[in-house]
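> For reference, Swiss-Prot lists these features for the protein:
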type	residues	note
DOMAIN	27-58	domain 'EGF-like 1'
DOMAIN	131-172	domain 'EGF-like 4'
DOMAIN	174-210	domain 'EGF-like 5'
CARBOHYD	Asn157	N-linked glycosylation site
SIGNAL	1-26	signal peptide
Amino acid sequence: MPSGCRCLHLVCLLCILAAPVKPVRADDCSSHCDLAHGCCAPDGSCRCDPGWEGLHCERCVRMPGCQHGTCHQPWQCICHSGWAGKFCDKDEHVCTTQSPCRNGGQCIYDGGGEYHCVCPPGFHGRDCERKEGPCEQAGSPCRNGGQCQDDQGFALNYTCRCLAGFVGAHCEVNVDDCLMRPCANGATCLDGINRFSCLCPEGFAGRFCTINLDDCASRPCQRGARCRDRVHDFDCLCPSGYGGKTCELVLPVPDPATTADIPPGPTLAVVVPATGPIPHSAGAGLLRISVKEVVRRQEAGLGKSSLVAVVVFGAVTATLVLSTVLLTLRAWRRGVCPPGPCCYPAPHYAPARQDQECQVSMLPAGLPLPPDLPPEPGKTTAL
């Protein structure tokens, strides 16, 4: 150990070992360092023990937060006169120096730096700072956790500060979070407090039920068939020779002798009953058909020839109707009567009333002319 250092603690020993060694006079440190609370370092300075401070390690460290106090040992807080409390932060003369009670309240000292206020009528609070305003008079009118505000009682009316998800004068209305219809694909929206949830139908998932579940994820199709996902369903595109929902069925192989003349594509076979006299053979008495009479209907609907026939028939019908209407209108404008007993193409005038205007009326069929207006051949006037 270097000369001139007398250490009484293990901490100081570690300090000495870590410090660089240099020659120091023995009386440079020991003469002024408080060796009860520290030790001399090789550089001649005092190294204080934990809880002590100062140039010579002569001062203890107070409790953190101690305001008006001192210590005799480390981490103490001994209050000065007139102060109290754990941190010596409470004034024992609080009611005499400057009363904390407001609005005319009376301060009562309880000892240990504590006090209480006796408030006048109409006021309350620790320091009589609150007035019995609209909130107190209404008796906590705000609902669903709302906070009543009346400017500490000095406002004329109160207001309710509502929590998220509620509205109204007293926070009594729960906001309908399903009003905007956030759930998709026919899902049911369940309203909550400032939130909603979607009850998804089968085949959908997600917060808004927008995810179509993959029904092909479990690989339901057999025989190596390709799966096509649908809404809560799937289709299997089966290879040739297989059928069924999951291609689990093996289709029978058709007889080439009976299907050689059948065109490709899906067909519907219908057996046509025989008509006319039926030849009988001796013994059996059954119908003998050498060639099967089969009618096959393609699924494509009308053929091209049938569609053309329908269009031509419609055009001819429309032309005939239009021609008949035009001819009838033309004959009516020229005064030509069609064959029939109810039309008189030209009016008749009496000889004595020629060159005068007359009202023309149509006579019923078979009605004779008046005797004073006999018809005069060659004396007619066209309309």
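Backbone N, Cα and C atoms are what each Cβ position is placed from, and that goes for glycine too.
What you are looking at is a predicted structure, and each value in this text was computed from that prediction instead of being measured.
Show me how these features fit into the structure around them.
Mean model confidence of the domain 'EGF-like 1' (27-58) amounts to 85 (pLDDT, 0 to 100 scale).
Counting residues 6+ beyond its ends, the domain 'EGF-like 4' (131-172) has Cβ neighbours under 8 Å at 103, 122-124, 192-195 in the same chain.
In the three-state DSSP reading, Asn157 (N-linked glycosylation site) counts as coil. Annotation for Asn157 (N-linked glycosylation site): same-chain Cβ neighbours under 8 Å, separated by at least 6 residues, are Pro134, Asp150.
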